Amino acid sequence: MYNLLRKIALTLYRPFMKEKMKTFINKRLSQDFSDLKDEEYIWIHCSSVGEVNLSEDLVKKFYSISRKNILISVFTDTGYENAVKKYSDKKKIKVIYFPVDDKKKINEILNKIKLKLLVLVETELWPNLINEVNEKNSRIIVVNGRISDRSYPRYKKLKFLLKSMLQKIAFFYMQSEIDKERIVSLGAIKEKVENVGNLKFSISLEKYSDIEKKEYRKFLNIGDRKVFVAGSTRTGEDEIILDVFKRLKNYVLIIVPRHLDRLPKIENLIKENNLTYVKYSDLENNTSTGKENIILVDKMGVLRKLYSISDIAFVGGTLVNIGGHNLLEPLFYRKTVIFGKYTQNVVDIAKEILRRKIGFQVENVEEFVKAIETIENEKNSDEEINSFFEENRLIALNIVKKENLIMNNIKEEAKDLWKHFFHSEKSNYNMYMYKLLDYPEYIMYDNDVMKEKKSKWSEYFGNSDQIAVEIGTGSGNFIYQLAERNPNKNFIGLELRFKRLVLAAQKCKKRNIKNVAFLRKRGEELEDFLANNEISEMYINFPDPWEGTEKNRIIQERLFKTLDKIMKKDGMLYFKTDHDVYYNDVLELVKTLDNYEVIYHTSDLHNSEKAENNIKTEFEQLFLHKHNKNINYIEIKKIV
């Protein structure tokens, strides 16, 4: 019925189509999919640029954790261009236009690839796409599912059609409790629906250094003035913004309209208010005097960078009945956000912002000015904003971890795993090698995957916290306790033995510890997966002393040459050993190094001032139980 109605509608409408619409459809139906491979794919479908940005963290985590090809389909032109630009450097990510739910084109794609998972971002429910993927017995999920106030009444009228389609979807990860209730009321199976929170909370945006921000202010030619950014403004909001601006002193106003076709109207408003302005494009041509009151942005893609240097940040679509745009972008750059009363599109986020007092909701000029005065006079809310993102940053990661477990056929994957390690087929096996597959959220064993993490560990962990490495993590007793004590640091444990890796991962999973990753790597391979200045700490506990063949020890001059590259200035190396000669040799070695100094050492750790906070390794506990032997301990600082 759907396809018949679709065909009739297209046939009747085609003669009246404008050329722009014909081009839009032809572009999507004439795509060449010959470069798609007969390999496993995850297909992620986004409607527009908003969903492309929203799903970025999700895409990156699927890409890094699943090791599968990613196919991204996008409905709009701007969304497609944004996705192509975003993933142009990723060989295993392919971006296409969504083929407007054309059954033939969808099957052309499905017949070329081995689809493991279809991810529908927000509520992109296309009947042919869902039916054909379901026919192939591939899993379908909805991520960041949302049923808006406007859509819900329409959907209720179509419930008799929607129910069968919704029941073909394996799982719904919904934004809020109300969205969960609505999708269930429309026919989704209750047990397959979960409120996981809004994926927007899990955003990972571009970061700018202090030098970059200083240079950007110089480019904007704004001197020492404070910056008031009005982002994504809509018709009816600019008048209010201008009235507020006229009440401020020593500010430059930067207006970023949601749609650039409104620029002429905004220019007229500025002139009517007897204010001066320069267009962003004029700044690029060096035609600014540096004295203009306002910068009017006539370019796409610069709003986030502007938020990063702002003193006051307003998000549009909220002073008029639009429903609000992305309130999280200013917060990501640790800016207290101001918005209006119309937040129906971002209602959960708005409520959380107000609850935490990291933003202000205003209805008029007076309230707006008062909010600005409060921001200027009160202490920075960085700590609360950090807490806000920290608590919500794991939404995408948790979805990916769960789906990756479901996707993997353990027997087939295990066969590939054996080949990966031993390059042959064998019937006998180490049972713990196969158990690595049960902990993809913790354990990495593929060298290519680990190399991809180089310089990108902050993306993997979902934050920019300090990174510490433990060489020889054993069964994880030391590192899991260290991670529990230090939730604002990330930890990477290196271990070669399968059983130890599995036991370490089990300890972390049991305690829901998220800031740890385990790599099947040697300590000599640090530069394979760590970039320059990427770590702040290293722990080496009870390494083999290699008596008689000391050249094999891990702590030698070559380790410090590696630390010269991968460790930040003021970074720390912590070393424990029961071997007195090894202890003294390390002390002597550090004396010969210009870039390092010993800031603390003791030959009897358990009777020192460091004993109280010492975390005992498995070996340390066993050794203390069986022997009455002193434990040596050294703290080494990188001073250059």
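From the backbone N, Cα and C atoms, a Cβ is placed for every residue, glycine too.
The shown structure was predicted, so the numbers you read here are calculated from the model rather than taken from an experiment.
Among Asp528, Asp564, Asp570, Asp578, only Asp578 appears in Swiss-Prot as part of the substrate site alongside Thr617, Glu618, Phe619, Glu620. Sorting the binding-site residues Glu470, Asp544, Phe619, Glu620 by the number of other Cβ atoms within 10 Å puts Glu470 first. Across the residues of the region 'Glycosyltransferase' (1-438), the predicted structure has a mean pLDDT of 88.
Comparing C-alpha positions, Phe619 (substrate binding site) sits nearest to Asp544 among the binding-site residues Glu470, Glu495, Asp544. Summary of the S-adenosyl-L-methionine site environment: with the site residues Glu470, Glu495, Asp544 set aside, the chain residues having Cβ atoms within 8 Å of the Cβ mean position are Ile471, Gly472, Thr473, Gly474, Gly493, Leu494, Gly523, Ile540, Asn541, Pro543. Within 10 Å of the C-beta of Glu495 (S-adenosyl-L-methionine binding site) we count 25 further C-beta atoms, all protein chains included. The Cβ of Glu618 (substrate binding site) has 16 other Cβ atoms within 10 Å, all protein chains considered.
Here the binding residues for S-adenosyl-L-methionine are Glu470, Glu495, Asp544. Their largest Cα to Cα distance works out to 15 Å.
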